[in-house]
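Worksheet for the structure shown next.
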Amino acid sequence: MNHLNKLMERLGHQFNNLELLKIALTHRSSGADNNERLEFLGDSVLGFIIASELYQRRPQAREGDLSRMRASMVNGDELAQMSIKLGINEYLQLGVGEQKSGGKRRRSILADALEAIVGAIYIDAGLETCRRCVLNWYGERVDDLSKLSPKKDAKSLLQEWLQARRLPLPTYEVKITGEAHAQTFTVNCYVKGLPHKTEGVNTTRRRAEQIAAKRFLELLDDGKGDGITERDQ
């Protein structure tokens, strides 16, 4: 019995070309053919599937709201959690160094692998099969799309707050530390003419920027920190 059969059962798709699934599970640190190209494709396919569902289920929603709702469905945290739920982390092929540093628990690696699998299913069986698999993974989240309330991210709220007062837009200074496979992003957020300066630290630049923006809003003490999401945009 192929050791990937259990994973394919969880994914809801039996691959015709098993090599596609193997590549989708292979991180670049392993030194073999890796999943970066499949991830690139899967990112677009996944975004299209969710965007299409939102378009059908939320006919009254505006473009900006649709974009924010899609982002909440396909952000790194969401994809990493789904990757673990499907057991993808158990099958990842990593280099020795990446394994020792906890790569199978790393959010970005988990999210990238899920996107790569989406790309692999798309190549292996086409869009409709891929759509069926993706919507099945999301389960009740798909049914909730018609009720999903769009939240603006911290960067958008900060920009709107500043524009409403005719103030300069925020500046985000980024410092990157660590090895290429385990980078840490430190972002400082400030606005010319205002005394505040805040910092956000995370393993992705986008999330670090969101954290810094949220903290900046909280310093403004204008009620804008309530209900803000720091998710990637």
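Each Cβ is built from the backbone N, Cα and C atoms, and glycine gets one as well.
Feature list (source: Swiss-Prot):
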DOMAIN    4-126  domain 'RNase III'
BINDING   Glu39, Asp112, Glu115  Mg(2+) binding site
ACT_SITE  Asp43  active site
ACT_SITE  Glu115  active site
DOMAIN    153-222  domain 'DRBM'
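All protein chains shown were included, and the count of other CB atoms within 10 Å of the CB of Asp112 (Mg(2+) binding site) stands at 27. Looking only at the recorded positions Glu39, Asp43, Glu115, the densest Cβ neighbourhood within 10 Å occurs at Glu115. Model confidence over the domain 'DRBM' (153-222) is summarised by a mean pLDDT of 89. Comparing Glu115 (Mg(2+) binding site) with Asp43 (active site), their Cα atoms are 5 Å apart once rounded. Asp43 (active site) and Asp112 (Mg(2+) binding site) have their C-alpha atoms 8 Å apart, to the nearest angstrom.
Residues Glu39, Asp112, Glu115 make up the record's Mg(2+) site, and a Cβ search at 8 Å around their centroid adds Asn35, Glu36, Leu38, Phe40, Gly42, Asp43, Ala111, Ala113, Leu114, Ala116, Gly119 from the same chain.
In the domain 'DRBM' (153-222), helix, strand and coil residues by DSSP number 27 helix, 21 strand, 22 coil. Helix, strand and coil content of the domain 'RNase III' (4-126), in residues and according to DSSP, is 92 helix, 2 strand, 29 coil.
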